[in-house]
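Taken verbatim from TrEMBL:
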- 440-455: compositional bias 'Polar residues' (COMPBIAS)
- 249-455: domain 'Major facilitator superfamily (MFS) profile' (DOMAIN)
- 435-455: region 'Disordered' (REGION)
- 22-49: transmembrane segment (TRANSMEM)
- 55-74: transmembrane segment (TRANSMEM)
- 86-107: transmembrane segment (TRANSMEM)
- 252-276: transmembrane segment (TRANSMEM)
- 288-307: transmembrane segment (TRANSMEM)
- 314-334: transmembrane segment (TRANSMEM)
- 340-360: transmembrane segment (TRANSMEM)
- 381-399: transmembrane segment (TRANSMEM)
- 405-425: transmembrane segment (TRANSMEM)
Amino acid sequence: MTTPTTPVAPPPPLARNRNFSLLWFGEGVSVLGNATTSVLLPLLAVVGFDAGPGWMGALTAAAWVPWLLIGLPAGAWVDRLPARRVMILSDLAAAVTLASVPVAWALDLLTLPHLAVAAFCNGVCTVFFRAAYPGLVRQVAPREQQESAFARLFGTESAMQVAGPGVGGLMAQLASAAGGLLVDAVTFLVSALCLWRLRLPASAALPASAAPPASAMPDPDVEVGTVATVAPLHQRIREGIDYIRHDRLLRFFTLMGGVSNFGLTGYSALLVLFLVREVHLSSGGVGLALAVGSVGGVVGASIATWVSRRLGSARALLALQLLAGPPALLVPLGAPGPGLVAMVAGMLLVGIGVVAGNIVRGAWRNRYVPEHMVARQVTTAQVVNFGTMPLAGVVAGVMGTQLGLRPTIAVMAAIHVLACVSMFWSPLRGLREMPGPATDESNPVTGATEANLSA
């Protein structure tokens, strides 16, 4: 006699998932705050202190050097800590850091070194926030909805990252750069409040390494039926490095991203100064130019899924590189009149390609990488992707001082273009779709792609 089983009701759609909605909104606000900070700090340095290319490069380097200093251990640490707590503390620390700038400005105590320290501290907060949030997504979204959840988060995140500089410029026009940073501080408080209001089960208070993942091989650091015995920090860091090193696609994307980000960060570090000194725009004009260029990010986020389904995820990534790369060569053409139009058009097209490509690639990565490796894989890749950025800031500052702003921006744009077109000689060539989830047999660490690269 067969006992009838009660069918399991499907989970409610993400739009009705209170926890996911709070996380989605809070994460978007936090990313927007970071993105606006990236233009407000250098704009305050230019307008308030007449800073030159050297200081522009120093501010950029200070913002990104935390990825080099603590990026790898942060991923391993976060694997051992409750994700929500890490994210809330990161938001609160970022709010205090940024609020110190307008306070010091009002008291006539603000200096350029203070701005650099603020950029560095905010970067540290970002490292921990970015390492923790993929794990929290898996706690608030059912497994069958996680691909859709990550797609929404990546879309919002990418759009905010590209739109943020334009919003920051407009905020500087309306409330001054210092006042805009006070608004930034409030965005981090809003994000922390959203995270605090999440209703999570008691098990969510445990670190990610406290139990083996359901959809991947058992974590070697966890003994079944017990609370995790966590492996040494250096071992967990090495596992993240080895996971990417043994995987052709992850290895390629990581290296390509590092070179691309070097070029993008190099010209972005000087962009505000270039718009003020060479294109002769006011703070409001800078904000407007960046805002129009930022529309590309919104467009890219809206078309990413459609392009991926229409062309196939692998072909879509190749096609999007034609938008992400070559139009960057229009940026150094910026000048009053038609040159400004060409520059903004280039920024818009780059935004479409970069954001849409990030969404397609990010959605694939979160299907592909086993749960227990996510934080380590993400932070290891981001150490390379973001670790080139402080170097780019320093190099751009030196080159801008010696060669001038326009030639430096042209060189950095060309580096980004070369990184983008390199994808046409990557393991993706000849594929229609990206390979499926990694298997334990195909990667010496926990599964990856050598065996999955069939067309």
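Placed from the backbone N, Cα and C atoms, the Cβ positions cover glycine too.
TrEMBL does not curate its annotations; it predicts them automatically.
Two recorded stretches are said to be in contact when at least 3 C-beta pairs lie under 8 angstroms, sequence spacing 6 or more; the transmembrane segment (314-334) and the transmembrane segment (381-399) fall short of this definition. Non-local neighbours of the transmembrane segment (55-74) in the same chain are 38, 41-42, 45-46, 49, 112, 115-117, 119-120, 122-124, 126-128, 131, 233, 237, 240-241, 265, 268-270, 272-273, 379-380, 382-383, 386-387, 389-398, 400; each lies 6+ residues outside the stretch with a CB under 8 Å from one of its CB atoms.
Model confidence over the domain 'Major facilitator superfamily (MFS) profile' (249-455) is summarised by a mean pLDDT of 85.
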